[in-house]
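Let me begin by presenting the structure, written as C-alpha cells, before commenting on it.
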Amino acid sequence: AARLSGGESRPVSLPLSRIRVIMKSSPEVSSINQDALFLTAKATELFVQYLASYSYKHGRGKEKNALTYSDLSHTAEECETFQFLADILPKKILASKYLKMLEKEKRDGQVGEDDEEDEEEEDEDE
C-alpha cells in the first residue's frame, strides 16, 4: 500500500465512490466487483502520474518548475501514446483566433459550394 505524506496508509488516492459512479454510468455495467473497482482506480492513478511526469519532462513547464496545461495538450498532440486524449486536451487558442478560423472556414465552404454549383450547371448544359 502506498504511504501518503500524512503517514496514513491508503491503497489509492482517488475516491472509489466517484469511480464507481463513473463505471456505473455505462449501460453495459450492472454490478462492479470490489477488486475491479480497486484495480480501475489504481490503473487510473498510475496513468495520470505517467501522463503528468511525461508531460513535465518533455514540456516547457520544466523551465518554470511547474506542469502547465499547455504541456499536457502538447503531449496529447505530439506523443502517439497519448493522441487519444487530443480531443479532451485541445491546445488553447485565443477567442479572436477561433473566430477568424470560423470565418475562414465559412468563406472556404461557400467558395467550395459555389464551385460545385458551377460544375452542376456545366453538366446540365452539356
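Using the three backbone atoms N, Cα and C, a Cβ is placed for every residue, glycine included.
As given in TrEMBL:
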- 111-126: compositional bias 'Acidic residues' (COMPBIAS)
- 13-74: domain 'Transcription factor CBF/NF-Y/archaeal histone' (DOMAIN)
- 105-126: region 'Disordered' (REGION)
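Summarising model confidence by region, the domain 'Transcription factor CBF/NF-Y/archaeal histone' (13-74) averages a pLDDT of 90. Counting residues of the domain 'Transcription factor CBF/NF-Y/archaeal histone' (13-74) by DSSP class, helix then strand then coil, yields 44 helix, 0 strand, 18 coil.
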